[in-house]
Amino acid sequence: MAALTRNPQFQKLQQWHREHGSELNLRHLFDTDKERFNHFSLTLNTNHGHILLDYSKNLVTEEVMHMLLDLAKSRGVEAARESMFNGEKINSTEDRAVLHVALRNRSNTPIVVDGKDVMPEVNKVLDKMKAFCQRVRSGDWKGYTGKTITDVINIGIGGSDLGPLMVTEALKPYSSGGPRVWFVSNIDGTHIAKTLACLNPESSLFIIASKTFTTQETITNAETAKDWFLLSAKDPSTVAKHFVALSTNTAKVKEFGIDPQNMFEFWDWVGGRYSLWSAIGLSIALHVGFDNFEQLLSGAHWMDQHFRTTPLEKNAPVLLAMLGIWYINCFGCETQAVLPYDQYLHRFAAYFQQGDMESNGKYITKSGARVDHQTGPIVWGEPGTNGQHAFYQLIHQGTKMIPCDFLIPVQTQHPIRKGLHHKILLANFLAQTEALMKGKSTEEARKELQAAGKSPEDLMKLLPHKVFEGNRPTNSIVFTKLTPFILGALIAMYEHKIFVQGVVWDINSFDQWGVELGKQLAKKIEPELDGSSPVTSHDSSTNGLINFIKQQREAKIQ
């Protein structure tokens, strides 16, 4: 594929931006088109609630949207989409298919990889997960002293941690009757020490999530958990009642002491950051029940069908993706804020921080050339209204344009005080996107200060600080209620957005070579930390850091 910057549609878009971009004014766009909301919004109607995507508060016109969609077509988004759904090996650097969509393919239509339909294997693992969940949640599965399981501890990192953690937090209202869940990811001993201190080995079940069963952080934490467990249980044969594996390495799993019958497999066409739909989601299913896990899959499958079959101009993931391209590649925006106004979604931004930045944080194209344009943004965010009292100042009056996605459910899980809390939350959600769009003019600020009785001197002093330029772009994503189905749909929507942007940039969104170099160097440095002899084999900075650590290791602190 030709470089993006040589694409005629992209050049046309850039030319338009150079000539007209600075003239785009959201207040003016709304004033001159009273139907702007209807022209630039999309409602997705499902049998399990509705999702409204309002993108009218973006710096776009109908002409710009046409150019963005023409660009998507010219970059082969539709063909690439079919290649993914058809099981072609679109992960070119690892020669793998990319089929998280198969994991939630509720229609069971065949999906073929290397001449073999993968759906029977997918369904076999789902059936095994279902039976296991029923045994644990019903109390049929007993620990070594005959106690039922009260706590499930997922030990994994990256995609084996972030997805299940985010979803179990988001679906906490649906966890009645399930065990508590804990997540240990960090190699920092504090993480597992703090977790184990809260647990009873007799009623704890550990899920070790590692495809290869060799991931350093995960296996180190798993061995620590096993040692802690055996301090009480004594008998190594009891490990089989308290440890299960999500892996493909039967030999290593067996060597650890886990019964291979309690190993849940997944496949090389499941990328870590897209794996919560697979056996990696076992902690989700245990916590909220398998029926709710299936609803999560169904919501994602609904969005898969929307993404695959809907024309681009009405396609939610495509619209989100191309708006992102507009801001990143024409306006020079470097970050994207994800701001869920729902406390249960407090890990949503962190989840897509990995999903987006590990997927599209690349400067090499599929053909091996270096890009001459920006690619993936820095993704960040916190739940509303907390963020309003932290970083919204910079979004409103800072020098950087930060496109924002605001998300909120219409119905709350907790209508306390007759819904007062949620009404205040909704009001803040609505106010923020309006404020970012409209801002506050000099004249409006002046009238406000005059009404407050400010003297002419104070007025002139405060006036420039009270002005808001506005014209800050936002998407509003409003959904009926945060249910397993709707959550599945929202996650899939963002997954496909990331995919579309990767296609436009001609990068492989499904490898992650950038995480390897640090791991390689860490293996070299680890033995150098032993002993007290100074290290001289690195650059002066790394040598200095290692030697300071060695000096301070035994330092006495008062």
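Keep in mind that glycine also has a Cβ here, set from the backbone N, Cα and C atoms.
Listed features, source Swiss-Prot:
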- Ala2: N-acetylalanine (MOD_RES)
- Lys12: N6-acetyllysine (MOD_RES)
- Lys34: N6-(2-hydroxyisobutyryl)lysine (MOD_RES)
- Ser107: phosphoserine (MOD_RES)
- Thr109: phosphothreonine (MOD_RES)
- Lys142: N6-acetyllysine (MOD_RES)
- Gly159, Ser160, Ser210, Lys211, Thr212, Phe213, Thr214, Thr215, Gln354, Glu358, His389, Lys519: D-glucose 6-phosphate binding site (BINDING)
- Ser185: phosphoserine (MOD_RES)
- Thr250: phosphothreonine (MOD_RES)
- Glu358: active site, proton donor (ACT_SITE)
- His389: active site (ACT_SITE)
- Lys454: N6-acetyllysine (MOD_RES)
- Lys454: N6-succinyllysine (MOD_RES)
- Lys454: N6-malonyllysine (MOD_RES)
- Ser455: phosphoserine (MOD_RES)
- Lys519: active site (ACT_SITE)
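Feature annotations (Swiss-Prot) mapped to structure.
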{"residue": "Lys34", "record": "N6-(2-hydroxyisobutyryl)lysine", "DSSP class": "coil"}
{"residue": "Ser107", "record": "phosphoserine", "DSSP class": "coil"}
{"residue": "Lys142", "record": "N6-acetyllysine", "DSSP class": "strand"}
{"residue": "Ser210", "record": "D-glucose 6-phosphate binding site", "DSSP class": "coil"}
{"residue": "Thr250", "record": "phosphothreonine", "DSSP class": "helix"}
{"residue": "Glu358", "record": "active site, proton donor", "DSSP class": "helix"}
{"residue": "Ser455", "record": "phosphoserine", "DSSP class": "coil"}
### Query
How would DSSP class Ser185 (phosphoserine) in three states?
coil
### Task
Mind computing the max CA-CA distance among Gly159, Ser160, Ser210, Lys211, Thr212, Phe213, Thr214, Thr215, Gln354, Glu358, His389, Lys519, which the record assigns to D-glucose 6-phosphate binding, rounded to whole Å?
43
### Query
Should His389 (D-glucose 6-phosphate binding site) be counted as helix, strand, or coil on the basis of DSSP?
helix
### Task
Can you figure out which of Gly159, Ser210, Thr214, Gln354, Glu358 (the recorded positions) comes closest in space to Lys454 (N6-acetyllysine), comparing Cα atoms?
Gln354
### Query
Of all the recorded positions given, namely Lys34, Gly159, Glu358, which is spatially nearest to the residue listed as 'N-acetylalanine' at the Cα level?
Glu358
### Task
Out of Ser185, Thr250, give me whichever of these modified residues has the highest number of other Cβ atoms within 10 Å.
Ser185
### Message
Quick check: in three-state DSSP terms, what is Lys12 (N6-acetyllysine)?
### Response
helix
#### Entry: Cβ neighbour count within 10 Å of Lys142 (N6-acetyllysine)
15
### Task
Would you pick out, from the recorded positions Lys12, His389, Lys454, Lys519, the residue whose Cβ has the largest number of other Cβ atoms within 10 Å?
Lys454
## Note on the structure
Same chain, |i - j| six or more, Cβ under 8 Å of Gly159 (D-glucose 6-phosphate binding site); the result in sequence order is Gly271, Gly272, Arg273, Tyr274, Ser275, Leu276, Ile280, Gln354
### Query
Across all chains shown, how many C-beta atoms besides its own are within 10 angstroms of the C-beta of Thr214 (D-glucose 6-phosphate binding site)?
11
### Summary
Under a three-state DSSP reduction, the secondary structure at Ala2 (N-acetylalanine) is coil
